[in-house]
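*Asks:* Dumping what Swiss-Prot says about this protein:
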- 14-21, 91-95, 153-156: GTP binding site (BINDING)
- 55: N6,N6-dimethyllysine (MOD_RES)
- 79: N6,N6,N6-trimethyllysine (MOD_RES)
- 187: N6,N6,N6-trimethyllysine (MOD_RES)
- 261: N6-methyllysine (MOD_RES)
- 289: 5-glutamyl glycerylphosphorylethanolamine (MOD_RES)
- 306: N6,N6,N6-trimethyllysine (MOD_RES)
- 362: 5-glutamyl glycerylphosphorylethanolamine (MOD_RES)
- 396: N6,N6,N6-trimethyllysine (MOD_RES)
- 70-74: region 'G2' (REGION)
- 153-156: region 'G4' (REGION)
């Protein structure tokens, strides 16, 4: 085994019928970690059900079905390898909670792969005013996914087959709306593919010999290496807190920024509880330090389980410790809200691992969501498609940060009526100083 490949996360976006599952399934099938025996079993079942047409999509269908039945699937199934990278596919959209997952998601995507159905009629629907494609692209950009690869899929089904003029038409149209969203289309490779037949997915296709650019695999290899935020101060949102016999209290979560190591003194926001980290574990192995992206459990001394909750944030007590937000200002984009949102609206915010009702205290401005220019000061309300700056006040103690400083703690989904009705990016936070916070003996000793 050579040196471990760099890990990157990819989010696959596009209209429901664009062939996302087939394309993703194809990559995982050809380059992934799915056991041959599992594939044979799937193939046999697919054949029995006459599902041959879904040549690769069933790979994903099976994975999704198993996940929905609560069978935790080995995450390796959602991985595939390029020459340079080990790629993880983030929850393929189309899923009802996709938007929420993309925001609070356990991972920030390094690159978005936009799949477009090149056949006539369908392409127009996917990109029309209310098209999902546009919404997904806007969402990806707003949430800081700065790199994009665009696949013109189903080239085997254009009229005539593998039509260059069709491809050119799509490149022109998609470029213009990617530009409106905020991407630079000159930096976006447009790869003509067939996820079904396999053209230009991994090997070059003679059917598309008019195309001289990279295959999908090559385009993935050309993604810029992401910078990981290990040099920022520690911020680790808690997912759970366990009491483990013989060890004690073990909070669990994903390191978003910075590093955590044994011997460190940590402060938990929003309460300000401060204690020493005794040990750090990843997959039951003790580590000397854990880095951004690692899911860790860490043992803390003299702390009761009831003193910590999901949504609290562990931080370095000597370096920008996490504090309660008194209020914060965010740029909010309204997505699927049926009515009008005005001052006093109090939906639930999902931000990192916290899930707390927050009041829209003051809608300060309405802005053009593409240029950021102010359209109206102190508007009476915001409705679907609008964007604006809003001052928000949490109804319970919560930790948030600015998107610029700590991206995973600075983006949120607004949930109401069992769906995501808006997304936001935090621009500024006013913090409260903790009062009467408990500092354990272990922490005092370390001071």
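From the backbone N, Cα and C atoms, a Cβ is placed for every residue, glycine too.
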*Asks:* What's the number of neighbouring CB atoms sitting within 10 A of the CB on residue 187 (N6,N6,N6-trimethyllysine)?
*Replies:* 11
*Asks:* What's the CA-CA gap between residue 396 (N6,N6,N6-trimethyllysine) and residue 20 (GTP binding site) in angstrom, rounded?
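*Replies:* Between the Cα atoms of residue 396 (N6,N6,N6-trimethyllysine) and residue 20 (GTP binding site), the distance comes to 40 Å.
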*Asks:* Can you count the other CB atoms that lie within 10 A of the CB of residue 396 (N6,N6,N6-trimethyllysine)?
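*Replies:* Result for residue 396 (N6,N6,N6-trimethyllysine): 11 neighbouring Cβ atoms inside 10 Å.
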*Asks:* For the region 'G4' (153-156), provide the mean pLDDT of the predicted model.
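*Replies:* Here the predicted model's pLDDT, averaged over the region 'G4' (153-156), is 92.
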*Asks:* Provide the three-state DSSP residue tally for the region 'G4' (153-156): helix first, then strand, then coil.
*Replies:* 2 helix, 1 strand, 1 coil
